[in-house]
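Novice: The following feature annotations were taken from Swiss-Prot:
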type     : residues                           : note
ACT_SITE : Cys408                             : active site, phosphocysteine intermediate
BINDING  : Cys1003, Cys1006, Cys1027, Cys1030 : Zn(2+) 1 binding site
BINDING  : Cys1019, Cys1022, Cys1049, Cys1052 : Zn(2+) 2 binding site
COILED   : 904-935                            : coiled coil
COMPBIAS : 270-282                            : compositional bias 'Low complexity'
COMPBIAS : 629-648                            : compositional bias 'Polar residues'
DOMAIN   : 154-571                            : domain 'Myotubularin phosphatase'
REGION   : 267-290                            : region 'Disordered'
REGION   : 629-694                            : region 'Disordered'
REGION   : 960-982                            : region 'Disordered'
ZN_FING  : 997-1057                           : zinc finger
Amino acid sequence: MGDEPPSLEYIQAKDLFPPRELVKEEEKLQVPFPVLPGEGVEYLGSANDAVIAISNYRLHIKFKDSVVNVPLRMIEAVESRDMFQLQIICKDSKVVRCHFSTFKQCQEWLKRLSRATLRPAKQEDLFAFAYHAWCQGVCTDEEEPLIHLCRPGDHVKSRFQIELKRMGFDLQNAWRVSEINNNYKLCQSYPQKLLVPVWITDKELENVATFRSWKRIPVVVYRHTRTGAVIARCSQPEISWWGWRNADDEYLVTSIAKACALNPAVRMPNGNPSNKGNNDGSDNSDTDFDSSLTACPVEGGGVPQKLLIVDARSYTAAVANRAKGGGCECEEYYPNCEVAFMGMANIHSIRNSFQYLRAVCNQVPDPGNWLSALESTKWLQHLSAMLKAATVVASAVDREERPVLVHCSDGWDRTPQIVSLAKILLDPYYRTLEGFQVLVETDWLDYGHKFADRCGHQENREDQNEQCPVFLQWLDCIHQLLFQFPCHFEFNHAFLVKLVQHTYSCLYGTFLANNLCEREMRNIYKRTCSVWSLLRTGNKIFHNLLYMPGSDLVLHPVCHVRALQLWTAVYLPATSPCTPMDDRMEMYLTPASQGPQFHARSLVRLPKTRSMDNLLTACDSGGLLTRTSSDPNLNNHQGNLESCSSSKEGNETEICDIQQQALSIEPKEEDGNDSKSTDHENEDSGSATNQNNNEQNALNNILSIAKPDSIQCKRDRFKSVLEKSSVIPVPSNEGTITDDNSHSNGTSEHLPVPALVTNGSVQNKSCVDVSKAMKLSTELSRTDKKPVFQTQRDEFSFCTSNWDSLPGMMRSVPICEVGLRRPLSYDCSTRSQHSRNGRHTMKLTGNLPASFHCSGPFTKRCRCVMACHTKQVQGSRFLPLACPSPAPLIYQDDDGLPIPSDVVQQRLRQMEASYKQEVDLLRRQVWELQLQLEIRQYCAPPSEPEADYEDDFTCVKESDGSDMDDLYSDKSEDRLSEASWEPVDKKETEVTRWVPDHMASHCFNCDCEFWLAKRRHHCRNCGNVFCAACCHLKLPIPDQQLYDPVLVCNTCYDHIQVSRARELMSQQLKKPLTAASS
């Protein structure tokens, strides 16, 4: 028995969703898109000039100049037109047409699509469950943030208690939280906790539930902090033709107004409202009163305002509902109440109007009577009616300070439309990304909007009469508000477009099932991802750059039809979903989404007006580059470049372009992973000048594209440093730098060091200029310092200059570092050689002219900086240009769908990018000035009493032919000895003061905003607050009495490394002098 295998087998959640077998029509076809976790392509074939694929998540059609990406659950119907045409009708009003060469092929794909878009037999057939299971299955310890981001934030999880506190409900004297609906025993379409007046008992609530349709009793959902008025919601009363009444229902409705009088907004002397309610005390949620008379409101607590009952229907429709057992309130039965009818259409009229709108928007060719056809759909008229109803509610609460009760027939379609829209008009919190999530979760999900029936993804139901774009219509109204008030919403139009897509996509479980009870019974929240993981606050794609935080303005929109706009981004067909957006959005995408290198497709789509003259001819001849309409893609000419490259004997290392400027070496293209080089000894002296001109003109074109004219002068000043930067050549046999700490046999890499080159020859210049160029290449050492998860790619700012610090990405560098970093993006490798004493040495390529040497008071500083960069660049690793695996398509977001384009936001990001580049340029200039002051302070003789140092050192000049003779000449000895007296820095006597956490909302370096997944980190050296990407390195700081490695930012890390290298070099310089004196 003990030898038998165990009867239990442990499986992962993803094993419940095995991948399906791929059916290819042609073997040469490849899947044209990167699949999501859990996604499997089932069919792959060809259409007329297109590749078509069907997975368990989407329909993908790749045309020559465009791409169609449609989730399967967004497809409403599939039809065959004209024998060879397939027409896909989507639920967001779009229509996709695909042509096939044969009738048989068209019918075959019609059957495949029809089977793929059938109603699910069970909820596990929805892709949201497979997606979440595979996200868990592929997650490792390093990718833990992926699962963390699948969940909504704490503001969504604890929204009820947070909202009660934020809105200032007095839970002691006016309101109470009733748990009568615990386990949904009273009403399945309501949440478990309900807010009612404090004196209303649970028994009375049960009696009221028998009188309201679907037991949806009047409950309070919002309180305006400035006026104290509240908004309540419910369903219609069941009066019927018999005229039934319910005393408890009438008492509950009038009690809402009385409770508002007991919990008013107290005006402070400065005019700001203050809530006197005690929110921290215990509530009366579990109190069971025998009679409401014992807890009636205190007389004199304030005169209650007249309550406004807003009926979303017309008066005719409300009276007609009495034949079905419904009806409306009579003002005679409800004292101190007023009834207003809004005249909004029911779901059947909205569905017909939407179908007419879809037909008009997809007419081919473009109709000549477009405006009259659009008017005949009455879609804009329905939006106008909704906005008017919400404005009535907002005006009553804000201006008249009256409580409002909103209902329609059942209370889950037009009621959430009016209530949530009014809350957005009243409360600026709901116009933020965080508040909007709370609003949708509360008014739409908690209070039972039937998303499964209205969106058409409820299993085993084919009732078309239940489908209606109710939520889409409400989002259209939000779009109208965003159009009229572009500065009062934290999110942009792309946010709303994404929300429309995932209302129907079934990629996330947020909008599955009909109510909260069904979601908990089916465990949907734990088995699916949340849509707010994509639309979270930290995602800069959906941030409105025009947003003005801190404004408490109540919005009063213009509701006339002539003031409304058709939502073209959703309703009109996209002629080319990828091409128009890529050219504008490429520079704003997150780095990880662009892949490690430029995708060949994106290079082909580069606008030719941004290209140069014939790049290949210019590089060979050294002529000036002029901006014309040449081919922007050099990959097509790779063969020509390789044929032009030459090689000689020897296994020399490949040298980059800036090194070639000093060494007069012709460029050579990489071939696989081989490392070869060419040495041309007989080059004319003008070759470096020509290449310098090429570099300068290429820099000019890059700057003209990326930078505005407002900072042209700053760019020119900074570019002057780049013109002088190249490589310091060192003798191959003697000019070596020994690394005492290196004991491995691995290969090291060539060190490109900036120097001063003029007309192809190295000149004697001040080391201050060398230090300037050094600063430009210092950032190279940061390449391997900032690891980042690919799942966090949307957390980075789009336009910051810190993209270059992310490993494995394309080298998208700041404009002021193009001249130095471009050559280093190649795979520059070096050989590790053994010296005579057995230590590893790093050999610098090139020969040192006899005329070059560092002399003067800056000699020590220059050598220290060189040593520092030697140590830093040696540990760096650069990726080759050729990427072995294809990069993901850059127009896709994390959900596999296109990124919505917004021209206004793109222009604002360009302005933001220019501003950040200007700030970055000014910071670098300040750093240079500080560096120059530090050099002067370091090299200046200390102010101390005169002393005779002639007997301390004996200067013996050896004549062994070494190039180091001039360094230890008599003229430089005195300056070196004087420079050994290093003055005490003022910072060494001070204690670093930390910036408090509450004062830092953004990273001090990359300016990214802190939130739940991007936490604050203090640098122990400077005390500033950084994100994890900018502050994750550790070093001991003896100056701060911190002898164990502690957390420091990248800037301090570089500064400390430079200081240590300077000290080490100072000690190395003293050893020859001491040996000579002995």
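Any Cβ shown, glycine's included, is placed from N, Cα and C.
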Novice: Near Cys1049 (Zn(2+) 2 binding site) in space, meaning Cα within 10 angstroms, which of the binding-site residues do we find among Cys1003, Cys1006, Cys1030?
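Specialist: Within 10 Å of Cys1049 (Zn(2+) 2 binding site): Cys1030.
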Novice: Which residue, out of the binding-site residues Cys1006, Cys1019, Cys1027, Cys1049, shows the minimum number of other Cβ atoms inside 10 Å of its Cβ in this structure?
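Specialist: Lowest Cβ count within 10 Å among the binding-site residues (Cys1006, Cys1019, Cys1027, Cys1049) is Cys1006.
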Novice: By DSSP assignment, list the helix, strand and coil residue numbers for the zinc finger (997-1057), in that order.
Specialist: 14 helix, 20 strand, 27 coil
Novice: Could you check which of the recorded positions Cys408, Cys1019, Cys1022 is the closest Cα neighbour of Cys1030 (Zn(2+) 1 binding site)?
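Specialist: Nearest candidate: Cys1019.
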Novice: Name the one residue among Cys408, Cys1003, Cys1006 whose Cα is closest in three-dimensional space to that of Cys1022 (Zn(2+) 2 binding site); these are the recorded positions.
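Specialist: It is Cys1003, whose Cα lies nearest.
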Novice: Summarise the model's confidence over the domain 'Myotubularin phosphatase' (154-571) as a mean pLDDT value.
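Specialist: Result for the domain 'Myotubularin phosphatase' (154-571): average pLDDT 89.
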Novice: Return the residues near Cys1003 (Zn(2+) 1 binding site), defined as same-chain residues 6+ apart in sequence whose C-beta is under 8 angstroms from its C-beta, sorted by sequence, else 'none'.
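Specialist: Listed in sequence order, they are Phe1010, Val1025, Phe1026, Cys1027, Cys1030.
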Novice: Relative to the mean position of the Cβ atoms of Cys1019, Cys1022, Cys1049, Cys1052, the recorded Zn(2+) 2 site, which additional same-chain residues have Cβ within 8 Å?
Specialist: Arg1020, Asn1021, Gly1023, Asn1024, Phe1026, Cys1031, Val1048, Asn1050, Thr1051, Tyr1053
Novice: Enter the number of other CB atoms within 10 angstroms of the CB of Cys1052 (Zn(2+) 2 binding site).
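Specialist: Around Cys1052 (Zn(2+) 2 binding site), other Cβ atoms within 10 Å: 21.
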Novice: So among the recorded positions Cys408, Cys1022, Cys1030, who's got the most Cβ atoms within 10 Å?
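Specialist: Buried the deepest by this measure is Cys408.
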Novice: Determine, to the nearest whole angstrom, how far the Cα atom of Cys1052 (Zn(2+) 2 binding site) is from the Cα atom of Cys1006 (Zn(2+) 1 binding site).
Specialist: 15
